[in-house]
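Annotated in TrEMBL:
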type	residues	note
DOMAIN	32-110	domain 'Manganese/iron superoxide dismutase N-terminal'
BINDING	H55, H103, D192, H196	Mn(2+) binding site
DOMAIN	121-222	domain 'Manganese/iron superoxide dismutase C-terminal'
Amino acid sequence: MALRTLASKKALSLALGGARPLASARGVTTVALPDLSYDFGALEPAISGEIMRLHHQKHHATYVANYNKALEQLDAAVAKGDASAVVQLQGAIKFNGGGHVNHSIFWKNLKPISEGGGEPPHGKLGWAIDEDFGSFEALVKKMNAEGAALQGSGWVWLALDKEAKKLSVETTANQDPLVTKGASLVPLLGIDVWEHAYYLQYKNVRPDYLNNIWKVMNWKYAGEVYDTTLA
């Protein structure tokens, strides 16, 4: 049992980049769908309530269910010593675990306008953006350009390299979490550019989606992560 537990926890750590486990049963570490801190329709008109409900209740919930299922299968494969099955499960663990991690960050990156969503960053993060990108407007332009250029599904990130203490814009394909681009990269903001994030509202016009999402961006959260990481 010790070997089975260790293997499951190690798989979780690799897929989630060290994220704290949310639940545990029979030696298998599992995760749960996080609650939103706002109503589904609270981000309108930038993001419709219909899309938020679908995105959270269907897509994210599916990542959680499939990730937990893959972990249980991994636990059983390790117990049997089935190396082939262990290898085959890595793709499902990375995809669904990454989907859970990325979306958990994404929900925190958004905030209703009535609660301060869209307000530009201040404090240390605001100064760092000016230093590393020239201006806040230049950062937004860069992230929009790189997000629009992604083919198919993926994410565009504002990242902090905690070792170099420098900001950068990164992209990841599909549901790959930012940690796959470098262990020292910490996600401050992540924008989902996958079609299900906006196709019901923006009709696949990704630049319009990218322009409007800044109206509900939670820069306070990003600033808190920045400050905590460099503390």
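Note: Cβ is positioned from N, Cα and C throughout, glycine not excepted.
Cβ packing within 10 Å was compared across the binding-site residues H55, H103, H196, and the lowest neighbour count falls to H196. Across the domain 'Manganese/iron superoxide dismutase C-terminal' (121-222), the model assigns an average pLDDT of 95.
Counting residues of the domain 'Manganese/iron superoxide dismutase N-terminal' (32-110) by DSSP class, helix then strand then coil, yields 62 helix, 1 strand, 16 coil. Other Cβ atoms within 10 Å of the Cβ of D192 (Mn(2+) binding site) number 24 in total over all chains. Within 8 Å of the centroid of the Cβ atoms of H55, H103, D192, H196, where the record puts Mn(2+), the same chain has further Cβ atoms from H56, H59, H60, F106, W194, A197.
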